[in-house]
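See structure below.
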């Protein structure tokens, strides 16, 4: 920093801001040395007198007061020494910016004064100041430097106080809360006097943004409303603006304030000189702030020029002060608007600028040297501009001696637009003062190039007066400001040449005499007396000397706020309480961050952190988030952890986290938040304040446990005016909800229609634990208490026990498993054979829990009464008593509280109720309760987990399984256990169909305990004769069906099971005569050949309506919008019209010559639009069937061009319409030259659209038939179109894999998606117009967000667990009327129902026998209609009971199946799912192979049964059946491996494939042996002869290859030409090989191989083409597969000499139907008359052949078990005399093959 030359002479007072002691080079500023040379005339005596007149008590504060005389010599100092001494004692150094300081309060002390509150908040901001690092950008210095971060020096007391408060977050919040509340109190105060104004604006620097802006708006509004000028409000407004923190002000604020002041200035107050001065001063200060903020949007016409005129009008004022303020304001105005601040203007002209950045120090101090250099250059520019003589600048004053003449000269330039250098110099001076740079200020005063300018001097004098008057500065600093004023007046020859300046200086000193501070008062008096000669002029008006309003002595606003309850303190106590609770809970539980997926059917690897999703929810606009999860998935644990995190992060004013246990509240649907807050003992007025002023994050746990069905967001009126402001997170068990659950959670719009607002709702599903999460959990579990096992022990056991790892992916079951594992495996040697279920884990855990509590009580010293009670319990069996206690409690909760888990018990009030048996203070009850799995919160009790309650209720029904040997069957409950009377049996208490978790527990118990299964069967049997058993029997059969118990062939005559849920049950050939099936759900039930004679079937549900049968394939369908009609387009070109009440055909529209591809009704349902392959579209009158318009023909040349729209008026050959000549049509319209693929009606009904294979879309006028626009696409043909709901746009898609949206009024393309990778075949708009769903040729179903400018994928493609949404192309898509569902149809013969928001698969409908061409919702949304090439329209019900998703609904084509040699296991392979191993007897899945085994086309067991060969894509995998490991993977095939076979010895393996080769492998080493490439086409089948010497392979062209094997060599080969047949395959008949060939006419020929020749043995004459033939083990039975059926043949022995025995169709002994897609494989079970089928529909079924013993020879085939998609199968069912069956349901069953007539009742 540059030094003044005189300062450099004083070696005793070095410059603390600079270490440079060398003489700087001469500069222009050295010319001011002349000024100080003139001071030689000043005597030491006069100087001593002037300074010695101070109050003696204050002299100690002056470093120069006693040092003016050399104490050693006693002589006066020299002039130079005196001058240097004076310069050194006035502002000798730059200091810290002053701040208000008071006594600091304790943490909980009452704050009495506003200045104390201000001081505390300033200190709290020190954290940000201390860590603040200035960035050298112009934005830093463009703000108000008064409020820029400053480097503060804290004393020890301040540091200690700050440390203490920082350790108490609530203490910090309390300080800011007071400030905010004071602002609110001031705003609402009607009497805003000067004290209150000064009190509140003093808080400006510490206000947060929101309260600051509210206060600013209040000041602006109040000032604007005042009729007369309110000086207090004016000064407060200006001070508030000046004190704004960075970023708090916006340009509009300053422009608004400026405009307001300008209006007042030129308006009513012009005649008041005092008001003019106040207004002009206010304008000046506001303009300063505006200049600092680079305001650029000030209207020069409306604001700038009028103010300039007003200020110029003040040139005639006789008041010099007013004159100065006007000049100052005028100069400030020149910098507004501008692109740089005043300081930037100065610094831009200095060398201190680097790359346009302001050079500042680390504490935001301006560099003095740069400032002076910049001002010097500005002065030179100004001198050149206004022609002032250079001698003026050089110090030779040429200004007129008369001050009046100076003012006159200033007036002359007041109206010009020149920027004068004195104004930026004054701004720099203020910046120095605000930064505490007083030494720099002093040097600026001496060296400023414009220091001779009278206006600069005016401004400096006022600034010094403000310093002296401001009590925030130290007394010494204030006195030095007075001294500097006196010095400039008396000794500075260039200062005060204008008499008005000296008059102003005297006036300032005069005003300082009246300040209340005695030290300042006396100091000012002394100076005044020395300077005032008696005739010195003074200003007339008493203008105040203050830059801001002083903080008042009293604090009325603070006193008022002190009376308000400090809510934050209550919240602080609540926060600490909840954090303490969380710490205690954390010690007892393990938290693993859960992962989540978008929907239930999303793949487990498509997951995301649930916490991240919740954080996004909290940060976004969504109001409700639903988190679903299975029982025990960790929902409650996550909720409590979330609350803990939110409380840890809580800041004052933020959302208050509130964990809500919904079951514990009485009325959560009405008063949720208030009721929860009352549990924390908050008062009603506090709750009311929170409701009005705070926001909440509600974490609601246990929606399902509270048995709620209401929408909490709606019923609590959340987020409405005057109501609770909340974000609502709700967790619920997945099993509790049906498919229409969204309405329970989605917020409703606040209007008379209470519309659902979908964009305010989101959801997530907690995913099962991954292996990594399980391992992490175990790692945290082991150290919780001393254990003998380590992490590895637990993980080894979890992985060794079959299926256990899948089971423990549920966190709660993982906890139970870890507790139970040591007991479960104790004494077990072969863990592989262990089978563990959820019910077993709970059993083991409960036993362990009771044993631990028993030992605890045994070790505990009990009082006499409790000891006696405990001994009695020990005698009775403590563990058994504890289990019984909890079973009884669970039962009572379901009986008395309908399953609501929380029990309130107050002994005084409830000792006579049922609760007393469990919660009284009786010793025995207390001991059992203390040992139970219960938790307590005050007077509320509950089981520790909902699943524990359900488990004990389930165990009350079935009991616990007793421990048994390693491989022994489970032991039944104690023999002493007697079943209760049926009327009080737990199964009679309620319909358990609505309690899926309990049903699941009981279903598992059935699989573990055959005795319980028998008991349930007994109850069902009892219902035949006991009406009281009906409810229990309904529950019993529901449980058994859930347990996959089959009732095939069972005698169920007369059973009473009303309301039972038999969904997916198997009742093949069951006897159900006279059964009460009222209200039973038979959706997707197998009732083939069941006898339902005389059964009661009122209100029975089947989940679908009877199909509508046509004589030809149905290619399209559409409902009329009034719901009265359903139209079906046929392949013949006809259109059938059905009445939707009776579902009968009422009309047929004829006219099209080819298939009707698309149908659409008009909005009023009076017209029907159809499109056809005959290149036309027709518009029909829906009542008469006459054709109003025919749209046909299209000019071929329209295909040119990449993509464009044409108006028909500019075409030479245009789409046209013509009048029908037959009378059946009013018009014929020519339009397309190729097949019409799709049609659509606009929502207005005035326009229709057609799309064709000729690459065009035509929009037509529906009234005249005229074409409006032709939209063409060179890139490919269109496939689908859809109007937006408002009709303004139309979306199209096609071969080019993009979506295009056009404006229907202009025909212009307005939106286009990016190009995809699959042909989009279909699309549909949602009813709200916000989304578009598309379906592709590859089976992908995609949802798009239709924004105004882009098409954005809404979520990943909807898909089932292993692949696309459909396995083949999607033919049609439809949204439900409420946008909740999406239905899709496909070439894969399925219809699927999806959740439109989450993408979850709701249900699959798989009954159609051919490709599904179209799907549509009924207008009510109750039905889905699907059209199919199988000549039917099927009608599916959409409701929670019949469309529940089941994992068995997943359609995964099954390709192959094989039995193990011992017949105990069945292995299956499929296209997209892993291989599975079934128990051949029960159909249970025993094992699922590794996930990579997809696309399995063939499987073979080795003869020993220890190895498996699996053929898939291009490889064969060898598996060990014992270890489930794959020792060898055999690559080599170049395509699919279609067949594999082991040699009889098991060492060799042959494989054949689509690549036309047969390969031989050594199974011991995995090495390849031979490759036979003699097959010109792909190999169908390969087989070894029974003796192992021959290999036969069958391949295309009707040939078989026979090879002789000798010592692993191919010794010879023989090609046998059977005949040219379509397909061959080799089968292994007992003792020999046989080859079967399938002819195109359905004939199957069987050929014998006897190693030497071949002979034709059998000819099976079929009426259907066959594809599979297999022999039973005894070789007497043969099955043949024929597309969707299987036929059973019994082969007679041919007579001697008969070469070929022909068998006709009538010789077939049985036909098995019920398949919806082709049967791909059939295999017989060894040594039994059972076989299994694998179908492309996804089913695996086991069948048993039964021959009657009565000698009749009758044969039946019964279903043993089935796995796969469940469908309603009723072929052969008998309906004679059924009662109550509706006509619709009877018709449905008859269509499915049921026979007999219903009762007339």
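Placed from the backbone N, Cα and C atoms, the Cβ positions cover glycine too.
TrEMBL assigns the feature region 'Disordered' to one of the listed ranges (47-77, 78-108), namely 47-77. Among the ranges 1-32, 129-160, the stretch that TrEMBL annotates as region 'Disordered' is 1-32. The repeat 'WD' (1712-1745) makes contact with the repeat 'WD' (1405-1439): 3 or more of their CB pairs lie within 8 A, with pairs spaced 6 or more apart in sequence.
Among residues of the same chain six or more beyond the repeat 'WD' (1405-1439), those with a C-beta under 8 A of the stretch's C-beta atoms are 740, 1101, 1103-1123, 1126, 1128-1129, 1138, 1140, 1143, 1368, 1371-1378, 1380-1381, 1383-1393, 1449, 1451, 1684, 1716-1717, 1737-1738, 1765, 1767-1768.
Note on the repeat 'WD' (1530-1571): residues 1495, 1497-1504, 1507, 1509-1518, 1577-1584, 1586-1588, 1591, 1593, 1595, 1601, 1605, 1608, 1610 of its chain, located 6 or more positions outside it, place their CB under 8 angstroms from a CB of the stretch. Across all of the domain 'NACHT' (624-783), the predicted model scores a mean pLDDT of 86. Secondary structure counts, DSSP: the repeat 'WD' (1530-1571) has 0 helix, 28 strand, 14 coil. Residue counts of the repeat 'WD' (1405-1439) by helix, strand and coil are 0 helix, 19 strand, 16 coil (DSSP-based).
Helix, strand and coil counts from DSSP across the repeat 'WD' (1149-1190) read 0 helix, 23 strand, 19 coil.
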